[in-house]
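Presented below is the structure to which this report refers.
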C-alpha cells in the first residue's frame, strides 16, 4: 500500500516539480472521498474512508508560496464531510479552513466542493475531516510544505514522513452515539484498538549508515497522545507544528493528537542490527485498559534487511519525554506585549439533562449554530462585532484586528487536553505542572513568562493545571479553539474566535459551490446563529444543548411523592381498620362445624383446650370463634392417649 | 436507631417466627395441662409429656442455632464479593421475598387468634391422625410409631426447627446485603418480643393493649413491606442500569450517571440512604421505603403495593362479614356433620 501511495505522490511531485522550483505553483488535487476496506493492524477488516479508492489517503505536498486546489467529491453516500488543513493560517481564505458550521456547510453526499488557498508557511502539517468526528474513520493524512529557505537544509540528507495514530475497529458514528449517551455518564472515551505507524504496523524504514534523516512526525490520531523513541538514536528537534525551533536534543518525545515534530536522526556508521522505533499510546488517557490491547506499535530503522529486527526493550523507568516548553523559536520572536484582551476558559466536564457527559469551557458546551459562524459574520453588518449574534453556544469572542490576545486555559478536569487554535500559532508563554490549580490562583506574573517562547498550534494542558497562550489577531477570519481529542470536540470543548469580522465583510467572497453545499442540506447562510435575519440580537430558536440535570424535586417528583404518601396513609388506615374490626361475626371459616353432631360422642371433648387457658380472650375477639374451636376439638379430638 | 444497627425486617421475621413457635408450645402445654393434669389425670404421663415438649423445643432451638451459625459462617467466609456483580439482583430478590412474607404474615398477625386456632386444629389433627391409621408394616410404620409415641416431642421440635430455619434463612438473606452489625440486635429484640407476646397470649393478659400493639406493629410492618416491594423493583432496575453503564453505578456515588435520567421521577443529590451508612435517611428507607433517587418503577410499585393491600384487606373483611369473597357467589352453607372421626378430620384439614 505504501508503495502505491509513493508512486501516486511521485506523479504529482514530478508533475509540478519544474514549476515549483522557479515560482509559486498551483497544485491541484482531485479527491474522491469514498469508503474502502482496510485492516492496518491485521486484526479486523473495517470500512474506512479513503480517497480515490485508496487508504492511507494521499499526502499533500507543496512548496512555500504554492497555491493548492483540492476538488472534493463526496462519494461516501451516507455521511457528509469537509476538509481542514491543520495548522495553515488560511490568511485571506478563512472560508477554506474546513470546520462544518463554522466556516462552511458540510459537503453533503454527492456534493462537490473546492478548497483553494495559498500556503505561506513551511513545515509539517496534516489535513483531516472536520465534520461529525469523522477523521478517525480514515480521512486523515500528512500535508508537507517544503521550504527552499529551510535554515536546516544542509543538516540532513533525506526527508521522511512518519505518522503515528490510534485505530478503532468500530466506526465513529456508533462509537460517538455510545460516547454521547446516558449509558456513558462518566464520559469515558472509547479506547483505541491499536496504535499505528504510517497507518500500519511493523513498519520498516530503510536507512543508510552514516546518513542523517529529517523525520517529519505527525500524530494524526483521534485520541491518544504517543510517546515516541528510537532505540539507540537521539532526536534533534528542529520544528514543532510548522515553527522552526532552536535545535534541541531529545531521547523521547510526546506527541499529542494533532501535534507535529520534525527531528533529525543520524544513522550509525555501521550497524549489524536494525533498531526498533516505538510509539506507545499514553494510557493515562484511557479509563480502562482492555486485556487484549497492545498500546505500543513498533517499526524499525532498517540498516540491513537481512539483519535481525529485535523486539523493543522494555523501559525500566517512567516515560520522560522532552518538555516542549523548553523549546525556543528559531526566529527568536519575543514574548508579545501585554494583552489587549484576556480570555479565560475553564475546562469542565459535566452531565446534562439527557444524562450524557459534556465538556464545557466555563459554563458553555459548544453547540453548532444554525448558520455557519463565518456566514453570520459576513451578513450581520455592523452587529458582526457583537459576540451575541453568533449565539450563546458557539462561545464566540470577537477580536479586533491587531490586538494581542492572551488565552488562559485552566483545566478543572483530571485529564490531559491537547488544545488547538485554528488560523494561528500561539506563543506558549506559561504552562503549569499537573494539579497546579487555576492560573489566577497561582500568583504567576508575566515576569515569569518565557521570553522567547515556543510557538505552535496544539499544546497539551496537564490535568488540573493551566496554560497561558498569546497571539496577535493579525489574521481576519473565524477560528476555532478546541481540544483535539475528537471525542471532546463532539462533547463540546470548543470556542470560537471571530477575528476582525468587519474586515472580512469587505474582503471575503464566498464561492458559489460553498453556498451550494448549504443549499443542498437546507442550511441557512444568512443571519445570526438562530438564522434570524431581521433582529440579529434575537437568538430565539438557536440550537441549544440539553438543559441541566434537575437538581432536586421537579413537579413530577412532587406529584409522585404526594401520591405515594397518600397511598401509604390510606393503606395504613385500612390495615388499622381491619385490625380493630370486630370479628365476632366471622363467617369466613370455610367449614362451620356442627357441635350437635358430635355431642355426646366424646366424653371429654378437648374443648377445654380452647376454652379455658390457651386462648386470649378479647384479642381479636377470639372468644367468638371459640365455639368452632370447641367443635374442632369435639369433632376431631379424641382424647389423646399417651 | 438507624438501619445499620437495627434491621427492621430481621426484627419482624424473628418476632413472627418466635411468636409462632411460642404459640405452638403454649398450646401443647395447655393441652397437656387440661387433659392430664386434672384431678383424675395421669401425673406421671403428664410430667413425661411436658418434658418431651420442652425437650423438643430445646433440641429444635439447638439445631437452629447450629444451622444458623454454620450459615453465617458460610456467608462470611465465602464472602459477599461473590455476589457483588449482581448485587442489586440479590437485593431485589430478597426485598421481594421479604415483602411477600411480611404481607401475608401481617394479615395473620391481625388475626392472631386465628393463628392460635390454626395451630390448635393442626395439633389436634396431628395428634389424632396416628390413631386413625392402621399402618402397614415396615420401616415407615416404625417411624410412625416413633412419632406416635413421641408426638409431644416431635411437634415442638419440628415446629421450632421449621420456624427457626425460616427465620435464619431470611435473616441471612437480609443480613448479607445489610451490614453484619445490623443483625444481632433485632434478632435478640425480635426473640424477646415474640416470647413476650406469646406469653401474653398464653396468659391472656391485657388484651386491648395487646391488640393495639399488634395493630400498630402490623401497620409498621406494612409500611416496611411497601418500602421493600418498591425497593425490590428499584434494585432490579438499578442492576439493569449498572449493566448498561458497564460497571457499578454505586461507584459513581450519588451524582449524574448513578441513575437513569429517563427513568427518574426524582433525584436529589442528598439524603441518600445508601452512602455513608445513610444516617437518618437509612431509617427512613427501612421504615418508609425512602429513596433519594426514585424511578417510575419504584414509585408505581409502591402505589400498586398499597392498592393491593387495601383491596386485599377489604376483601378479607368482606369475606368475614358476608361469608364469601367479593364478586363470588354466596357458597352453599357447608354443614359438615361430624358423625365420624374421619369426616371431622378431613373437613378440618381441608
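Cβ atoms are placed via backbone N, Cα and C, with glycine included.
Automatic prediction, not curation, is the source of TrEMBL annotations.
What TrEMBL lists as transmembrane segment is B:6-32, B:53-78, B:90-110, B:150-171, B:183-202, B:214-234, B:299-318.
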Same-chain residues at least 6 beyond the ends of the transmembrane segment (B:53-78) whose Cβ lies under 8 Å from its Cβ atoms: 21, 25, 28-29, 32, 152-161, 164-165, 167-169, 171-172, 175-176, 180
Range from B:6-32, B:150-171, B:299-318 with most C-beta pairs under 8 A to the transmembrane segment (B:214-234): B:299-318
Same-chain residues near the transmembrane segment (B:6-32), Cβ under 8 Å, at least 6 residues beyond its ends: 46, 49-50, 53, 57, 60, 98, 101-102, 105, 109, 115-116, 119-120, 123, 152, 155-156, 159-160, 163-164, 166-167, 170-171, 174-175, 178, 182-183, 185-187, 189-191, 193-195, 197-199, 201-202, 220-221, 224, 228, 286-287
Long-range environment of the transmembrane segment (B:299-318) - Cβ separation under 8 angstroms, sequence gap at least 6: 99, 103, 107, 222, 225-227, 229-230, 232-233, 265, 289, 325-326
